[in-house]
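Report on one structure; see the data block that follows.
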Amino acid sequence: MSHNVTPNTSRVELRKTLTLVPVVMMGLAYMQPMTLFDTFGIVSGLTDGHVPTAYAFALIAILFTALSYGKLVRRYPSAGSAYTYAQKSISPTVGFMVGWSSLLDYLFAPMINILLAKIYFEALVPSIPSWMFVVALVAFMTAFNLRSLKSVANFNTVIVVLQVVLIAVILGMVVYGVFEGEGAGTLASTRPFWSGDAHVIPMITGATILCFSFTGFDGISNLSEETKDAERVIPRAIFLTALIGGMIFIFATYFLQLYFPDISRFKDPDASQPEIMLYVAGKAFQVGALIFSTITVLASGMAAHAGVARLMYVMGRDGVFPKSFFGYVHPKWRTPAMNIILVGAIALLAINFDLVMATALINFGALVAFTFVNLSVISQFWIREKRNKTLKDHFQYLFLPMCGALTVGALWVNLEESSMVLGLIWAAIGLIYLACVTKSFRNPVPQYEDVA
């Protein structure tokens, strides 16, 4: 019995419709630039008012991993992302476990975004049952993803542009306030980056929290099979998404830090967005921004929905998941329809699910993917392809991915205990499932050979 799934020339495949700009917009929508207002209070408290520097540290750390993604996308332009890279570069067993763990990140991300939207709606319209909002939003998200990835990309492009415009408007009000004497009282200051009471360790601690603001930049690697010239476009898109997102975070928090030099004005620093809107722009603007925040989390949910459906499609095509369901592509829409519907059904759990638990699941999956993408570069290029002869080889295929792995290691150290426990339980379930698929590992792990 063969356990390698060979390509079928008559099978329905995903349609290539995306170019660089839509892919970057998908990544930025996933990241949600507006999240900078949510995390500002807690990180400002941790760093004694040096949030921009913490973001700079986080950006540098993330860019190492972004470079690793770029190298592997050129080698394996498949929709499977970290799953495919670990499968081909290290081993099919490791690849499955990475893919299984990554499902925690991707599978629950749409639900978390719907859950956040539900929370916003409950604050705006408490008289309407929240389950109605959840069902309506999930139906909208699923319908868009079913029809085409291009429509999702177009929707997300509009939302990202509007987010940037809204951030610019808020920053305009912040600048005006500082100019009129609020906060630091000056627009030119090095204090948001460094001051006499600055300490590196708290900034690194803040950076570990802010790194999770970048979660999602990697998800666009799942769009490789629907992107024209993916070997060139996807690596650039991944790097640009992380870089542009990071620059927005640093630029915006510089001015916010001038307006709020410390956290003394915040009643609840852990949920600073509503208070920032209230202090800077007033009650009416706060309500409007809350409504728009609902739309931004929906856009992020749509991007996550698209990504996980394609990861499940690749795992189904490989045969590690039932192929007839997970490997199905709709003949007209050319989308993984069954997976999209399944993810939509899981997102309905937002009707009654704990946000803290869902977030814990996501963090574990993201760190597994980041770690093994960096290790896959070393395994594939430095070890397997023996690109270890020159100083340039050592720098590109050993030093840079090692830096990426070490920076991710700092995130592992700061991972919540609940994330680790839930993640390990999920990994154990995956290992048991894999043992069943391979008949106690006597048979090889199924894999699709078209990408090698």
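Cβ from N, Cα, C; glycine included.
Listed features, source Swiss-Prot:
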TOPO_DOM  1-16  topological domain 'Cytoplasmic'
TOPO_DOM  38-48  topological domain 'Periplasmic'
TOPO_DOM  70-95  topological domain 'Cytoplasmic'
TOPO_DOM  117-123  topological domain 'Periplasmic'
TOPO_DOM  145-158  topological domain 'Cytoplasmic'
TOPO_DOM  180-199  topological domain 'Periplasmic'
TOPO_DOM  221-237  topological domain 'Cytoplasmic'
TOPO_DOM  259-283  topological domain 'Periplasmic'
TOPO_DOM  305-339  topological domain 'Cytoplasmic'
TOPO_DOM  382-394  topological domain 'Cytoplasmic'
TOPO_DOM  439-452  topological domain 'Cytoplasmic'
TRANSMEM  17-37  transmembrane segment
TRANSMEM  49-69  transmembrane segment
TRANSMEM  96-116  transmembrane segment
TRANSMEM  124-144  transmembrane segment
TRANSMEM  159-179  transmembrane segment
TRANSMEM  200-220  transmembrane segment
TRANSMEM  238-258  transmembrane segment
TRANSMEM  284-304  transmembrane segment
TRANSMEM  340-360  transmembrane segment
TRANSMEM  361-381  transmembrane segment
TRANSMEM  395-415  transmembrane segment
TRANSMEM  418-438  transmembrane segment
Proximity verdict for the transmembrane segment (96-116) and the transmembrane segment (284-304), three or more C-beta pairs under 8 Å: yes
Helix, strand and coil totals (DSSP H, G, I; E, B; other) for the topological domain 'Cytoplasmic' (70-95): 18 helix, 0 strand, 8 coil
For the topological domain 'Periplasmic' (38-48), the mean pLDDT of the predicted model: 90
Winner by Cβ pairs under 8 Å against the transmembrane segment (395-415), considering only 49-69, 124-144, 159-179, 238-258, 340-360: 49-69
Leading stretch by Cβ pairs under 8 Å, where the reference is the transmembrane segment (124-144) and the options are 49-69, 200-220, 340-360: 340-360
Cβ-based contact of the transmembrane segment (361-381) with the transmembrane segment (238-258), 3 or more pairs under 8 Å: no
Closest-packing stretch to the transmembrane segment (284-304), where packing means Cβ pairs under 8 Å, from 49-69, 159-179, 238-258, 340-360, 418-438: 159-179
Contact yes or no, the transmembrane segment (159-179) and the transmembrane segment (238-258), 3+ Cβ pairs under 8 Å, gap 6+: yes
Per Cβ pairs under 8 Å, the stretch of 49-69, 238-258, 340-360, 418-438 packing most closely against the transmembrane segment (200-220): 49-69
Same-chain residues near the topological domain 'Cytoplasmic' (382-394), Cβ under 8 Å, at least 6 residues beyond its ends: 89
Distant-in-sequence neighbours of the transmembrane segment (49-69), which means Cβ under 8 A and at least six residues beyond its ends: 40, 43, 191-195, 198, 203-204, 206-211, 213-214, 217-218, 221, 235, 238-239, 241-243, 246-247, 249-250, 253-254, 256-257, 261-262, 370, 373-374, 376-377, 400-401, 403-404, 407-408, 410
Residue distribution over DSSP helix, strand and coil in the topological domain 'Cytoplasmic' (145-158): 13 helix, 0 strand, 1 coil
Beyond the flanks of the topological domain 'Periplasmic' (38-48) by 6 or more, those residues with Cβ under 8 Å of it: 54, 197-199, 202-203, 205-206, 209-210, 213, 253, 256-257, 260, 262-263, 266, 268-273, 275-276
Non-local residues, at least 6 beyond the ends, that sit with Cβ under 8 Å of the topological domain 'Periplasmic' (259-283): 34, 37-42, 44-45, 48-49, 170, 173-174, 177-178, 182-184, 191, 289-290, 293
